[in-house]
Amino acid sequence: MIIYINDKPCNAKVGDLLLNTAKLNKAHIGYICGGNGICQSCFVYVLEGAECLSEPGEDEKAFISDKLFAEGGRLACRTTIVKEGTIRVLTRAEKFRRIVLGLNVPGFITYAQTIGYNVTNKLPSGVSSIVSRVQSGRLNPVDTIGKIASGLSPASQLVYNNFIEAFPFMQAPVNMVSGVAKSAIDNASGALCTISGGRLHLPGSTCTAHDKPAEAIERITISAK
């Protein structure tokens with residue numbers, strides 16, 4: 001069967017963990033703690049196919065708030081494919097990337113509020129869950145440290161690859177970068193123009209709505225005697 005991680009088609013089968021599917025298909029899902037369910041770097045949003053996945057367990061409930069569950073939030077290292085169907089997931093990093101590149105200010109505010117709510121309300125239960133698992137023998141600290149160490153190298157490479165994919169102009173010649181940077185400034189100014197009702201623009205930008213370079217807030221004349 002084919003599932004989609006950040007819109008990338010990935011081969012999978014019933015019984016697979018979402019995290020393992022991502023690894024095998026070189027899709028972007030973080031895995032710093034090696035699948036021990038403590039770092040939350042494998043957090044994903046299930047956009048479609050929640051009924052094809054296992055029910056959230058206690059480890060997930062300890063870290064994920066009701067708000068994030070309502071948005072389809074899951075930990076990929078704790079989520080198993082239980083039946084065939086259409087499954088689409090979006091990683092937290094990819095969702096944030098799309099919000100930033102799309103200059104979605106309201107979306108960013110909502111995103112930040114939800115994440116802040118989750119940290120504030122679930123941090124105590126998350127820590128309690130880790131302590132409980134260590135005490136019961138379900139979590140081996142030595143093994144966990146080893147998994148973190150082995151996962152840092154591929155994880156850092158994955159971050160680099162996805163950064164270059166998200167911002168390809170970083171590999172371009174300087175003259176090309178300047179053009180891309182100007183375009184980014186114009187886009188940001190356009191968003192500011194829309195939000196402010198046309199009253200504000202970024203200095204040096206070109207607003208498509210007004211079709212003229214934005215003026216600096218204040219002009220300063222410097223003369224030498």
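Every residue gets a Cβ built from N, Cα and C, even glycine.
As the structure is a computational prediction, the values presented were derived from the model and not from experiment.
For the [2Fe-2S] cluster site, Swiss-Prot gives CYS39, CYS42, CYS77; the one candidate out of CYS33, CYS52 that the record lists there too is CYS33. Neighbour counts were taken at the CB atom with a 10 A radius for the binding-site residues CYS33, CYS77; the maximum falls on CYS77.
The highest number of surrounding Cβ atoms within 10 Å, among the binding-site residues CYS39, CYS42, is found at CYS42.
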